[in-house]
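Colleague: So TrEMBL lists the following for this protein:
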- 1-250: domain 'Plant heme peroxidase family profile' (DOMAIN)
- 5-82: disulfide bond (DISULFID)
- 32: site 'Transition state stabilizer' (SITE)
- 36: active site, proton acceptor (ACT_SITE)
- 37, 40, 42, 44, 56: Ca(2+) 1 binding site (BINDING)
- 38-41: disulfide bond (DISULFID)
- 88-246: disulfide bond (DISULFID)
- 116: heme b binding site (BINDING)
- 117, 177: Ca(2+) 2 binding site (BINDING)
- 123-156: disulfide bond (DISULFID)
């Protein structure tokens, strides 16, 4: 990519640094889009539906993804500089990386989960843990009961709340740091996947080491894990296509 479009990374970084400080929650949104795309890392999650095909973004887990217009704007800048060179998957990876950098003042999956240190979630994403975990009106025993009661009293007041949003990392949801792991160790992660991190003794030990370590070490390990994730199922050479607009295939 860089041999054919040497200014690509600078174009992306400059745009991200200009706009992300005004909307820091987008950093979490871009990491999430990148994660959801990397069951193939081909940028397919960016595509819109057509009359003959329902897009990935219409699937239930993807319906709360956001930031697509930002990706499109970055792609248009790159197309103006070097047409049909930088793929949509590359654009997404670069934006996700640079957005995290812009807000910074197996162990791979544990590190990637640290992205939950920033961002928000809708109540509908986890209310089953509060109101009906086993289908009998109970709470998830893996969730701290005091935290659960607080969420029910102040945020997700009904089981059917689809609009209220909750900070994934209370008090620090705009800061990329280690506090997510601290909350997880206290059984205060919003999602079932957060709780799963501490049920295994090996995983719990690894997280404890992270919390006791330096923030710099976490940043380095997170970067390595993002790079590793971004290589899952990528297409190279003549495989696939480099779309001019990430939301639609080339005609």
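Each residue, glycine too, has its Cβ placed from N, Cα and C.
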Colleague: Would you kindly give the Cα-Cα distance separating residue 36 (active site, proton acceptor) and residue 5 (disulfide bond), rounded to the nearest Å?
Modeller: 26
Colleague: Tell me which residues of the chain lie with their Cβ under 8 angstroms from that of residue 82 (disulfide bond), as long as they are six or more apart in sequence?
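Modeller: Those within reach of residue 82 (disulfide bond), by Cβ under 8 Å and sequence separation of 6 or more, are 4, 5, 7, 8.
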Colleague: Around the Ca(2+) 1 site formed by 37, 40, 42, 44, 56, which additional residues qualify by having Cβ within 8 Å of the site's Cβ center?
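Modeller: Checked against the 8 Å cutoff, the neighbours are 38, 39, 41, 43, 45, 46, 47, 89.
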Colleague: In whole Å, note down how far the CA of residue 32 (site 'Transition state stabilizer') lies from the CA of residue 156 (disulfide bond).
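Modeller: On Cα coordinates alone, these residues lie 22 Å apart.
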Colleague: Is it possible to get the count of other C-beta atoms within 10 angstroms of the C-beta of residue 5 (disulfide bond)?
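Modeller: I get 17 for this one.
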Colleague: Pop the Cα-Cα gap between residue 56 (Ca(2+) 1 binding site) and the residue listed as 'active site, proton acceptor' into the table, whole Å please.
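Modeller: Counting only the Cα atoms, the answer is 10 Å.
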Colleague: Within the domain 'Plant heme peroxidase family profile' (1-250) only, compute the mean pLDDT.
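Modeller: Averaged over the domain 'Plant heme peroxidase family profile' (1-250), the predicted model reaches a pLDDT of 85.
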Colleague: Quick one: Cα separation, residue 88 (disulfide bond) versus residue 177 (Ca(2+) 2 binding site), in Å?
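Modeller: Here the two Cα atoms lie 28 Å apart.
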Colleague: To the nearest whole angstrom, what is the C-alpha distance linking residue 37 (Ca(2+) 1 binding site) and residue 177 (Ca(2+) 2 binding site)?
Modeller: 24
Colleague: Need the DSSP three-state call for residue 42 (Ca(2+) 1 binding site) to compare against my parser.
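Modeller: DSSP assigns residue 42 (Ca(2+) 1 binding site) to coil.
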Colleague: Considering Cα atoms only, can you say which of 38, 40, 56, 246 is the nearest neighbour of residue 177 (Ca(2+) 2 binding site) among these recorded positions?
Modeller: 38
